[in-house]
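A short write-up of the structure that comes next.
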Amino acid sequence: MPETSKHILSKILLVVEAFFGGFYVSITRGLFVPMMVYSGYNLDMVSMALLPTGLGGLLLAHTLYKRPEAATSRFRIMLLSTHFFERVLWLLPPFFLYNPYLLSLNYLAGNLVAVMVGLLIGVLIYSIFSIDDVIEVSVHRSAAGAAASILGSLFMTYLSAVQKAPGIYYVLYITAFLAGLVSTGSLLLLPNVPGKIKEERVEKKLEEEAKIKGSVVFLVLTLFMAGGNLVGMAWSPLLRQLGAPLYIPLALTFAGNIGGLIGAYLWRSYRAYLVAIALNSLLTGLIPYIWFPPIHVGMSFLTSLTFMGANLLGMQVFAEINNKLGRVRAAAFLTGANYAGLLLASSTLALGIFTPFVSMLLAALLKMIGVIMAMLVIPETAVVPERRAYEYSRLIYSTSTMGYTFTVQASKEFLKFAVETLALALLLTLLYVMYRLSWMIAGI
């Protein structure tokens, strides 16, 4: 088969994977929080269930960033096995619905494997396509995933309106599992998945420049993902307070997927990405002030339409620097931002002091900070001169690196002190016991 034909087939199969994967994800993830809320979980319990996932996903992405060979030495086997195992794990949530500990553990495991899958697919795309093809494939995959998600959310919304819980949850998750298996099958048919991947070494200066740009984009994406996760966790409780039936929060997913489908083709430049994320932060701030539930469906369309700008910004930047930073590290940056955002959002809500109304306003604030950073520190989207933006980004990178180094060193010293203190306490306790025993023996 000619090389060009292989590339065309690879593009088609990756889009097919995204289509059936989008259907599977729209149901398994889109139903998860509404299923919890309408089964009696409050906002604090939802955030506590999601908190370990954010931490675990971020730690896994960090580990793979530090040791990329863990993902590249047996690349094909790891890609296919994790892709299948993720589908199995996401079949289980309705079976654990009334045990919050098992549900949280299952959600953690499913998302940790999903971290690997997302990262490995990102590495695969970076490995077999040029920069232009990476953007093309990513846009088509986003559109295919959004189109399938529309079908999935329509299916989910319709069934939830005609069939009662909890039986509907089992039907939906089993259907999603079967669609997920089809997406795994499309990966099996890919003609040029490498058995292992070897990262090329690059000049130190080029690598440092890539790290600086990657770090500031990571921060911007983290703020946006945190805002997005706050919205995702608070929207269903807000609608329930407004007296909305279950199909309204599920219809948010449907409208959001339409917005994501259009947004994938609407925003086509760095300047457009900046406009999109600025609009998204403003729209997010309006959500809690809308008291008529059906209007929220339209807001979901608009926020998803504009949120796509943040996703495309991240994909384009990391596609451009992956040859300097390394494919695994670039993908780890992109994946890690999602879970850093989830960790920030879930840990904030786990405090138990934020109502759904306040959570929405906090989400808008985080996104606005991300917009301001994008205007100042990312050269491609900055409203200041490029040189000034680079200086700002270097300052942020240096500050964050120093802070990270200090935190790690302080943690090591604290751990050492804690171990020494514990050892001393055990020794004193042992001496006291021996002293008491000696007196008892002497008394006898």
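We number each residue from 1, going along the chain as drawn.
Every residue, even glycine, has its Cβ placed from backbone N, Cα and C.
Quick caveat, the model's predicted, so the values are computed rather than measured.
So that you can see what the record holds, here are the features copied from TrEMBL:
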type	residues	note
TRANSMEM	12-33	transmembrane segment
TRANSMEM	45-65	transmembrane segment
TRANSMEM	77-96	transmembrane segment
TRANSMEM	143-161	transmembrane segment
TRANSMEM	167-193	transmembrane segment
TRANSMEM	214-235	transmembrane segment
TRANSMEM	247-266	transmembrane segment
TRANSMEM	273-292	transmembrane segment
TRANSMEM	298-319	transmembrane segment
TRANSMEM	331-354	transmembrane segment
TRANSMEM	360-378	transmembrane segment
TRANSMEM	414-435	transmembrane segment
Open item on the list: Below 8 Å between Cβ atoms, which of the listed ranges 12-33, 167-193, 331-354 makes the most pairs with the transmembrane segment (247-266)?
Closed with: 12-33
Open item on the list: Using a Cβ cut-off under 8 Å, which residues of the same chain at least 6 positions beyond either end of the transmembrane segment (12-33) come close to it?
Closed with: 46, 87, 90, 93, 107, 121, 125, 137, 140-142, 144-153, 155-156, 169, 172-173, 175-177, 179-180, 182-183, 186-187, 189-190, 232-233, 236, 250, 253, 257
Open item on the list: Please tell me whether the transmembrane segment (331-354) and the transmembrane segment (214-235) touch - that is, whether there are at least 3 C-beta pairs under 8 Å between them, with each pair 6 or more apart in sequence.
Closed with: yes
Task: Proximity verdict for the transmembrane segment (77-96) and the transmembrane segment (167-193), three or more C-beta pairs under 8 Å - done: yes
TODO: With the transmembrane segment (273-292) as the reference, find which of 45-65, 143-161, 167-193, 214-235, 298-319 contributes the most Cβ pairs under 8 Å.
DONE: 298-319
- [ ] Considering only the recorded stretches 143-161, 167-193, 214-235, 360-378, state which has the highest number of Cβ pairs under 8 Å to the transmembrane segment (298-319).
- [x] 214-235
TODO: Go through 45-65, 167-193, 214-235, 360-378 and flag the stretch with the largest number of C-beta pairs under 8 Å relative to the transmembrane segment (143-161).
DONE: 167-193
Open item on the list: So if I exclude everything within five residues of the ends of the transmembrane segment (214-235), which remaining residues of that chain have a CB under 8 angstroms from its CBs? That is, six or more out.
Closed with: 33, 43, 46-47, 50, 249, 252, 277, 280-281, 284, 287, 296, 300, 303, 307, 310, 313-314, 317-318, 321, 325, 329-330, 333-334, 336-338, 340-342, 344-346, 348-349, 354, 356, 359-360, 362-367, 369-370, 373-374, 377-378, 393, 396-397, 400
